[in-house]
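Inspection log for the structure reproduced underneath, given as structure tokens.
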Amino acid sequence: MVNSLNPWWLLLTSIPFSLSGGNVVLFTGAYSFIKDTSSPIDASLCLGTLVGSLSSSYLIVHMGYSYVLIFTATVNVITYLFVKIWIIESLSGAEQGRAGSLFNCSHLKDMLKGCFKHRPNKGRNIIILMAIIKLVLITVQVGWSYLEYLYLRNKLNWSLRVYTTYSAVSTITAFFGAFLGVMVIERLLRIGDITFVMIALTTAIIDYMIKAFATQWWQIYLSIFVSPFKGLPLPLINSYVSKFLPEEDIAKVFALLCAMESVAQIIAPIIFNSLYSSTLSVFPGAIYILSAVMNVICLVMLIQVVSKVSSQEFGTETREIKLLYGRHCEDFYNRTQKVEKLRRYFANHEINQTLQFKIIKENE
């Protein structure tokens with residue numbers, strides 16, 4: 001009976017999910033909760049992706065698509081029950097909304113106002129640039145990921161299981177790359193979020209160029225190890241944005257960033273599928289060339305972000321820092337508030353790391 005259903009019935013299943021906000025609401029809530037309750041992103045997220053990559057092809061072969069979908073629905077029910085029973089609201093004094101409040105236009109107006117209002121230190125321009133960067137990066141990520149198996153099957157005659165093994169190795173590398181990048185390299189070398197994003201994008205460009213011109217299987221695997229930090233730009237951008245925003249605006253800006261993700265998932269197949277079908281007989285690696293070019297565009301925009309952050313002279317920065325932690329800080333009620341505001345200020349300014357450390361230590 002299931003096999004006899006028209007494939008168009010699958011579209012009906014997406015209607016309730018879309019009307020409730022879809023991935024925009026899901027990831028906005030997840031990002032905000034993580035920001036409220038923890039600093040690093042839990043490594044089990046990557047581990048879950050790894051298990052899924054290793055088991056996906058075997059589940060489809062032995063169970064079929066229908067039972068895989070049933071299994072996925074069961075996991076979603078378990079996830080819902082876990083969130084409902086064990087996850088505690090991270091906001092103190094949060095009001096319980098009604099079902100009708102989902103369609104309240106004032107929420108949209110409030111979000112747009114919070115995202116695009118004038119902010120000191122060119123904060124509004126930085127938010128806009130970050131939203132565009134996320135749009136471009138997710139377009140790239142979604143675009144080539146949909147076509148990678150077709151590309152490798154066409155060019156190197158890979159089977160689904162060979163590709164699944166490659167995908168699992170790629171996920172393992174990304175997992176350890178994320179761990180080493182955030183937990184070790186970024187902390188020990190005191191590299192800022194934006195600087196690390198630029199490094200990751202540079203290695204991703206090399207990765208795409210290798211895949212575009214690859215003729216042997218080992219070259220595809222080489223591209224994995226060239227860019228172990230390729231999965232870090234998106235979470236690091238979220239981390240950077242959350243550091244300089246006030247608490248009341250974090251969820252609003254995250255909603256905008258997640259909306260960019262949804263838009264990217266719509267336009268990515270249109271752009272990349274059209275390019276792949278047009279260049280399949282001539283140069284199928286054109287999708288990776290496009291990915292590299294779009295990453296270069298993101299690098300240029302990140303340079304603009306850095307220039308906006310560091311445009312003020314050192315003397316002006318020093319004077320503003322003194323205002324933050326000196327005798328003019330009557331609005332700081334205790335040392336915890338003072339240090340938190342200092343950290344947000346530093347996240348929005350390229351200031352010498354030694355000076356940052358000294359000032360934080362003086363106020364802790």
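Positions of Cβ are set from backbone N, Cα and C atoms, glycine also.
The transmembrane segment annotation in TrEMBL covers 6-31 (among others).
TrEMBL lists 67-88 (among others) with the feature transmembrane segment.
Among the features that TrEMBL reports, transmembrane segment is placed at 126-146 (among others). If you look at the transmembrane segment (126-146), the same-chain residues 6 or more away from its ends with a CB under 8 A from one of its CBs are 115-116, 119, 208, 233-234, 237, 240-241, 244, 253, 256-257, 260-261, 263-265, 267-269, 271-273, 287-288, 290-291, 294-295, 297-298, 301-302, 304-305, 308-309, 348.
The transmembrane segment feature in TrEMBL is assigned to 166-185 (among others).
According to TrEMBL, the transmembrane segment annotation covers 194-214 (among others).
Annotation comment: TrEMBL describes 220-241 (among others) as transmembrane segment. Packing against the transmembrane segment (220-241) from elsewhere in the chain are residues 31, 41, 127, 130, 133-134, 137-138, 141, 152, 156, 166, 169-170, 173-174, 176-178, 180-182, 193-194, 196-197, 199-201, 203-204, 206-208, 210-211, 214, 253-254, 257, 298, 347: each is 6 or more residues past its ends and has a CB under 8 Å from a CB in it.
Annotation comment: TrEMBL describes 253-276 (among others) as transmembrane segment.
Beyond the transmembrane segment (282-303), the same-chain residues lying 6 or more positions past its ends with a Cβ under 8 Å from any Cβ of the stretch are 129, 132-133, 136-137, 139-140, 143-144, 147, 151, 154-155, 194, 197-198, 201-202, 204-205, 208-209, 211-214, 233, 271-272, 275-276. Residues or ranges marked as transmembrane segment in TrEMBL: 282-303 (among others).
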